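Colleague: Below are the features listed in TrEMBL for this protein:
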- Glu65, Asp90, Asp117, Asp140: S-adenosyl-L-methionine binding site (BINDING)
- Lys144, Asp176, Thr211, Lys212, Phe213, Glu214: substrate binding site (BINDING)
Amino acid sequence: MTPTDQVSRKRSIVSFVHRGGRMTVGQDRAWQRSWPHLGKQVPELPQGPLDTDSWFGRAAPLLLEIGSGMGETTSLLAQAEPGTNYLAIDVYQPGLAQLILRAEAMGLTNLRMLRGDAVVLLGAHIAPGSLSAVRLFFPDPWPKKKHHKRRLVQPDFVALLASRLAPGGTVHMATDWAEYADQMLEVLSGQPLLRNRFDGWAPRPDWRPVTKFESRAREEGRISRDLIFERVND
Ligand SMILES: C[S@@+](CC[C@H](N)C(=O)[O-])C[C@H]1O[C@@H](n2cnc3c(N)ncnc32)[C@H](O)[C@@H]1O
């Protein structure tokens, strides 16, 4: 059984993986104009590891942000880290189109996008030990207990993530759902290939932008928690 199969068996088949959504006229134009060179659909990738050096046109540390949403954080961090090949994945087409608009307005050259399921990408198209960092900011919390199995952060998913990181590479997660934060801490701490860089929660890094999403959480009394773990040698 492949790593992707192992993770998928645990997750119910949910329609969010195929999230479409209506695009604005501006987003649709951006998609037509720039998706062919900035983006790829995961189900259409050729078998085997994605050749990111060719796609980005250079060899550089490869960073994967899972669930880029509307791209607010993604565009700012890609701009702040010109030395990384910044790869963003989401299933939500209007969000990716909005990210294209941001990337164009900011003149970003180090950002590429994928549309599809991060589990499939990691399992089938990212070579072991090839990522310098993985970011997962505010993943869908699935707050109802009966939906917890849909959460991305589960032991098999974290094992897959860890296997794709280079030694010394980091996985950085953040959430404003206290109980999901506890689950993340437990699952990350239980993965032998990872070591917590901090004693429990990481201090909130100044460089992580405060998004509208996080501001709303604060207004509603939910505090964000960050977790930064590092891949150890086998
Ligand atoms: C709650 S939003 C957070 C977006 C963004 N990180 C932020 O902080 O504003 C979660 C995002 O993860 C995406 N997502 C959920 N499951 C995914 C999966 N399996 N693969 C890729 N993206 C996924 C959703 O489409 C959504 O855009």
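Just so it is clear, glycine is given a Cβ too, placed from its N, Cα and C backbone atoms.
Because TrEMBL annotations are produced automatically, they should be read as predictions rather than curated entries.
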Colleague: Which binding-site residues from the set Asp90, Asp117, Asp140, Lys144, Lys212 have a C-beta atom lying less than 6 Å away from ligand 1?
Modeller: Asp90, Asp117, Asp140
Colleague: Quick check: which same-chain residues outside Glu65, Asp90, Asp117, Asp140 lie with their CB within 8 A of the centre of the S-adenosyl-L-methionine site CB atoms?
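Modeller: After dropping the recorded site residues, what remains is Ile66, Gly67, Ser68, Gly69, Ile89, Val91, Tyr92, Ala118, Pro139, Leu152.
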Colleague: What is the Cβ neighbour count of Thr211 (substrate binding site) at a 10 Å cut-off, with all protein chains included?
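Modeller: Thr211 (substrate binding site) is surrounded by 17 other Cβ atoms within 10 Å.
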Colleague: Do me a favour and check the Cα-Cα span between Phe213 (substrate binding site) and Asp140 (S-adenosyl-L-methionine binding site); whole Å is fine.
Modeller: 12
Colleague: About how far apart, in whole Å, are the alpha carbons (Cα) of Asp176 (substrate binding site) and Asp117 (S-adenosyl-L-methionine binding site)?
Modeller: 22
Colleague: How many angstrom lie between the most widely spaced Cα atoms of the substrate binders Lys144, Asp176, Thr211, Lys212, Phe213, Glu214?
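Modeller: Across Lys144, Asp176, Thr211, Lys212, Phe213, Glu214, the two farthest Cα atoms sit 24 Å apart.
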Colleague: Return the residue, from the listed binding-site residues Lys144, Phe213, with the maximum count of other C-beta atoms within 10 angstroms of its C-beta.
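Modeller: Max Cβ neighbours within 10 Å, all protein chains included: Phe213.
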Colleague: Non-local Cβ contacts of Glu214 (substrate binding site) (under 8 Å, 6 or more apart, same chain)?
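Modeller: Residues satisfying the criterion: Phe138, Asp176, Ser224.
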